[in-house]
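**Student:** Dropping a structure here in structure tokens format, bear with me for questions.
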């Protein structure tokens, strides 16, 4: 595994502070999607402005301090950081994306972050080691790295993400960086990214809490000398984006704080896509459903209640609810309660990956969402961690 052509990465973690750098040897077209939380962090405001201009040269990420709800001082910290990293990279400061993750209400120690960034810069590179060092540097409560790679014919797309708690994006803390060496226009990148994020990152939930710092950034530097639309088909590039983002989204949920099971919610038979998405997210977000999954309890009534609470069109006489895993499938409701084998249901739900399949019985639209179970360990982690 290597970074796409022309990208260099690195990272360091020390004294509870992580610093990661991404640098492109060529200027990049850039696109981004960001949290809709009304108390957005200062770096989100800055990075969205960079993405709106459509050109970037580098990224700095710090973990440990979210720099959210920190007022004007926090925004000045972002500008100071961007200025220092721009000087380091030999780029304009308005081409530096700045991202932060960590404790809300805490300003970042800019001088220390810049000092660590200079150390990272001395050993920045494209190898698997450099990619993994960046990935580890941006982690907070994560227990696993989240990396995905798509390799095309003469080009590639690398995705690196972090996130384990406060995951209920609308684009937890969730950060994702997508790097490709194909060429593309910023407006096209923004359109493709928005569509893919809506079907992947915006359909995951760990705890229903939307962070102040959620950011997904896509950088395309054209170093492969291949362009989307002429050398690489738009269809293939969109497929690559979807595959990488889907893999990252699943890894985030699988690594949810305290999680023991990945939940995949598949909703079919909805009247339209909006309602399918709403129903899928409602099920994946339900604490009662998540707790039942942890207990390996086939409590289909909680799923039905979540669907009803989503205010979507559903035909009770056609409604179907089933659980599916590597251990088999069990139907629990089909126009009415179904007598099922409780022992088989327990086996189906004992798997580490469980699908909840729901047919609303009113149309042809479908959607998919990802979630995880709710465990005692989640409560312990968040009782002790200051968000």
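The backbone N, Cα and C atoms fix where each Cβ goes, and this holds for glycine too.
In case it helps, Swiss-Prot gives these features for our protein:
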type	residues	note
BINDING	140, 162, 173, 257, 382, 387	substrate binding site
ACT_SITE	173	active site, nucleophile
**Student:** For the binding-site residues listed here (140, 382), which one has the lowest count of neighbouring CB atoms within 10 Å of its own CB?
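**Tutor:** Looking at the binding-site residues 140, 382, the Cβ with the fewest others within 10 Å is that of 382.
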**Student:** How many other Cβ atoms sit within 10 Å of the Cβ of residue 257 (substrate binding site)?
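**Tutor:** If we count other Cβ atoms within 10 Å of residue 257 (substrate binding site), we arrive at 25.
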**Student:** Need the DSSP three-state call for residue 382 (substrate binding site) to compare against my parser.
**Tutor:** helix
